[in-house]
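Quick look at what TrEMBL annotates:
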- B:20-30: compositional bias 'Polar residues' (COMPBIAS)
- B:35-51: compositional bias 'Low complexity' (COMPBIAS)
- B:1-51: region 'Disordered' (REGION)
- B:66-91: transmembrane segment (TRANSMEM)
- B:186-203: transmembrane segment (TRANSMEM)
- B:209-230: transmembrane segment (TRANSMEM)
- B:239-258: transmembrane segment (TRANSMEM)
- B:291-309: transmembrane segment (TRANSMEM)
- B:339-359: transmembrane segment (TRANSMEM)
- B:390-407: transmembrane segment (TRANSMEM)
- B:419-441: transmembrane segment (TRANSMEM)
Amino acid sequence: MEPGEIHALLGENGAGKSTLMNVLYGLYQPDEGEILVDGEPLKLRGPSDAISAGIGMVHQHFMLVPVFTVTENIMLGAEKVRGGISGFLDRRRARREVVEVSERYGLRVDPDAVIEDLPVGIQQRVEIVKALTRDVDLLILDEPTAVLTPQETEELLTVMRSLKAAGKSIVFITHKLGEVKAIADRITVIRRGKTVGTASPEASRDELAALMVGRNVRLTVEKATAKPGKAVLEVAGLVVDDDRQIRAVDGIDLTVHAGEVLGVAGVQGNGQTELIEAIMGLRPTLAGSVTLDGERVDGWSTKRVLRAGVGYVPEDRSVDGLVKEFSVAENLVLDIYDRPPFAGGLALKPQAIATSAKERIEQFDVRTSSASMPVGTLSGGNQQKVIVARELSRPLKLLIAAQPTRGVDVGSIEFIHSQVIHERDIGTAVLVVSSELDEVLGLADRVAVMYRGRIIGIVGPDTPREEIGLLMAGITPEAAADRAEARPATDDDVPTSEEEA
Amino acid sequence: MSSPDPQPGSPDKDPASKAQAAQDSLGNTEQAEDATTPQAGPAGAAPDGAPEARPSLGRLFLANLWAANTVTVTVLSLVLAIVVGAVLMIISDPAVLSTYSYITARPSDALNSSWTLVSGGYANLFKGSVFDPEAFTGWLNGSNGWQAVLAPISETLTYTAPLVFTGLSVALAFRGGLFNIGGQGQATLGVVFAALAGFALPLPPGLHLIVALLAGALGGAIWGFVPGILKARTGAHEVIITIMLNYIGTYLLTWLIVQNGVQDPNRTDAISKSVDPSAQLPRLLGDNLRVHAGILLAVLATWAVAWLLNRSTLGFELRAVGANPEAARTAGISVTRTFVLIMVFAGLLSGLGGSNMVLGSTATALTPQVVAQIGFDGILVALLGRLKPWGVALAALLFGALQAGGNRMQSYSGISLELVTVLQALIVIFIAAPAMVKAIFQLRAARAARLQTSLAKGW
């Protein structure tokens with residue numbers, strides 16, 4: 001990094017951008033290697049070390065107290081006290097400082113406004129002012145445009161330019177090509193925790209996209225050609241909001257046939273989670289329909305959808321998939337505990353549950369010392385196998401697998417993939433959602449690319465990665481030419497509830 | 001926060017825990033990261049998932065409670081409470097305290113008088129609740145009947161019965177992830193309904209008792225249903241609602257007692273008519289001993305709750321919702337329905353506990369104090385019993401014994417009955433702060449680590 005430089009860090013979700021920056025900010029400790037500031041190696045034990053070394057960070061999720069005023073939030077952690085007597089806050093001095101800093105850099109904020117009343121873009125500005133009042137030279141902006149409207153993004157870019165003019169260095173983390181090209185002086189592309197290249201902003205979008213997505217050897221999944229049958233799942237004009245009432249799925253049409261795998265690719269946070277949750281009855285649909293085997297299932301309870309023959313591997317196994325305190329056996333019946341043979345009337349049948357658990361553990365190669373071990377003590381891969389075993393152990397019409405191999409070791413990945421393909425081959429319709437492009441390409445018979453709540457294209461699995469990479473960045477081959485350069489983000493591009501790190 | 005993932009379960013004796021601990025930490029890496037990040041600094045980069053992954057206050061509390069889940073800590077907590085109780089006895093006795101003013105000159109005075117006081121007090125506590133040797137020798141020489149020998153036990157069981165119900169009520173709700181602070185209110189409604197059915201309905205013996213008990217259960221269930229449905233439908237926090245309903249219940253009782261048709265026509269003070277003998281719980285050991293059939297019902301209820309929790313589909317739902325509501329929802333369990341059911345069952349149990357107070361031998365008519373503190377004591381009992389049905393029953397037995405013995409301690413040793421309440425509170429405080437107990441007794445770290453990981457087996 002050089003003074004007065006805007007350095008963009010580009011990479012897919014999970015590439016390690018945020019982790020790297022958290023190390024820089026002292027939140028995580030590096031396992032190896034060192035950080036040099038002005039040629040001196042720097043040991044950061046916490047954010048306060050980073051701040052005193054002149055490093056400031058604006059997080060993707062703001063760290064502001066909603067009921068405090070702008071001034072109070074900015075002084076938080078570095079409270080000014082009156083006359084050196086601790087306990088007496090000197091609000092006036094703090095306020096003066098806020099006004100002074102915001103004027104110097106042209107960052108207009110009302111020092112007396114309460115945070116929760118401010119729009120997101122202004123809140124972000126408060127974060128930036130907060131960092132600047134700590135006298136930082138290097139400012140890290142972690143996915144700053146993810147939550148901004150196009151206008152707010154424009155303003156942010158302006159602010160960044162003025163900061164640059166004032167000699168501050170900025171690390172700008174993003175996965176949006178347009179913004180990078182608009183503002184960065186230098187671009188570093190990170191993939192799977194490694195720097196895969198540096199580029200100048202003159203590089204074409206195609207080059208950047210290729211670097212970002214990579215040209216890895218495709219994860220090969222042994223499979224025969226699909227023999228698609230009738231349509232099992234039909235989604236038409238589906239509209240779904242996310243938790244913050246922001247449109248996440250914006251009119252999606254989708255069909256999955258029996259005996260085929262439809263892969264949904266896309267950068268995480270483009271509505272995939274909401275799409276699946278809506279199909280599963282976990283999230284209300286605002287418009288459109290979901291049809292399973294000719295029957296409307298939107299508005300059904302989750303239990304009813306599951307009973308209708310839908311298997312569901314949720315994307316976050318520790319939150320949605322498993323009860324960690326429960327035994328492996330109990331988790332294996334988590335969604336069928338009240339059905340025969342596992343229950344008769346109100347009573348559970350522990351014997352049947354244990355017997356079936358033993359079989360599943362065998363069949364799905366779950367490595368555990370016993371079926372009565374709490375599932376939380378298993379490795380990630382084995383936990384995932386428990387979920388897959390549970391979902392595949394009943395007759396299915398449709399299997400929905402979200403991030404089926406996230407955080408799973410290679411051996412388990414292969415096993416889970418082969419199970420998914422096996423399920424396809426016995427005639428189940430399969431919908432796989434993954435932010436791992438390799439996984440989607442390996443499993444899918446057709447690939448739908450999601451971008452900002454829409455299916456931006458459906459292509460064959462043999463489509464070149466670069467083309468899919470462009471689609472994931474929102475660029476259709478036809479539209480590529482006439483897209484505006486610095487295409488600003490809109491607020492439906494918000495990352496969803498999963499770790500964006 | 002980084003260490004205890006909620007890992008409830010019974011203590012397991014197999015010490016394969018080191019490997020287990022390692023595995024555990026591996027399995028929980030993602031969560032651990034989520035959890036530690038916000039602590040690391042004022043501006044921790046919490047990944048989006050963190051708010052969900054971060055255990056709620058309730059679950060953290062649960063985790064802490066389980067974390068030291070051993071008989072050892074419980075017993076040591078008792079010992080500590082007894083020691084602190086002894087100090088309080090000495091401080092609160094002016095005569096003994098005055099000997100301390102010249103302790104350097106004649107230490108024997110202070111030590112002897114303290115020992116006499118403390119040992120006498122605790123001896124009476126024991127004699128009043130478990131076994132009185134004098135009564136036993138008296139029975140042998142024929143100076144008193146066998147009833148006197150069993151009297152302490154009878155008293156203990158009489159105090160135990162309602163606490164079992166309210167303790168189970170709190171424990172059941174806790175296992176489903178809900179803080180039921182409303183045991184008191186639910187018990188109050190139970191008392192009211194049971195008493196009304198007890199003196200207002202002319203029914204034959206036997207049936208009358210059953211109807212009165214069911215009425216009590218219904219009263220409690222209604223008082224549990226209200227917070228349950230409010231939480232399910234509107235997200236209102238059950239702690240606030242149940243606390244408020246406690247007040248409403250208490251004042252409803254006070255108001256109701258003096259109404260026409262309820263108040264005893266021969267009395268001017270606040271007391272209702274008496275429950276018909278046909279609706280009273282039969283005494284088990286004759287009319288001279290107070291122990292009544294309520295204790296049998298309590299045992300039955302303990303068994304029923306144990307079955308419900310561990311062997312029924314509803315219990316499965318309840319435990320799943322309590323441990324991970326998101327996963328339960330994803331697996332098709334209706335979390336809101338489960339919340340309502342949990343509170344109804346919890347209220348029902350507390351209502352039965354209340355019924356015991358007016359259909360048993362403690363009282364036969366409504367007075368403003370008829371419920372005593374059984375609802376609040378139920379919270380302590382549930383915590384002391386580690387939220388396991390049979391543990392709760394044992395904890396209730398201990399608290400019942402303290403109550404019974406406290407009465408004798410007061411009349412024979414002149415030590416205030418409130419000391420018993422302080423003892424109960426101290427025991428629970430020590431249990432809720434296992435780290436303190438471990439530090440005081442210098443329990444080995446390795447042992448503590450084993451406790452941490454040994455938690456989660458088949459519950």
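In case you wondered, yes, glycine gets a Cβ from its N, Cα and C as well.
Proximity of the transmembrane segment (B:66-91) to the transmembrane segment (B:339-359) is not established, fewer than 3 Cβ-Cβ distances being under 8 Å for residue pairs spaced 6 or more apart.
Long-range contacts of the transmembrane segment (B:339-359) within its own chain (CB-CB distance under 8 A, at least 6 residues past either end) are made by residues 161-166, 168-170, 172-173, 176, 178, 180, 182-184, 186-195, 198, 209, 212-213, 215-225, 227-229, 231-232, 238, 275, 279-281, 294, 297-298, 301, 305, 308, 314, 318, 321, 365-366, 370-372, 374-375, 378. Beyond the ends of the transmembrane segment (B:419-441), by six or more residues, the same chain brings 64-65, 67-68, 73-74, 76-78, 80-82, 84-85, 88-89, 92, 121, 125, 377, 380, 383-384, 399, 402-403, 405-406, 409, 448 to within a C-beta distance below 8 angstroms of the stretch. Non-local neighbours of the transmembrane segment (B:186-203) in the same chain are 162, 165-166, 169, 211-224, 245-246, 249-250, 252-253, 256, 261-262, 272-276, 278-280, 346-347, 350-355, 357-359, 365-366, 370-371, 374-375, 378; each lies 6+ residues outside the stretch with a CB under 8 Å from one of its CB atoms.
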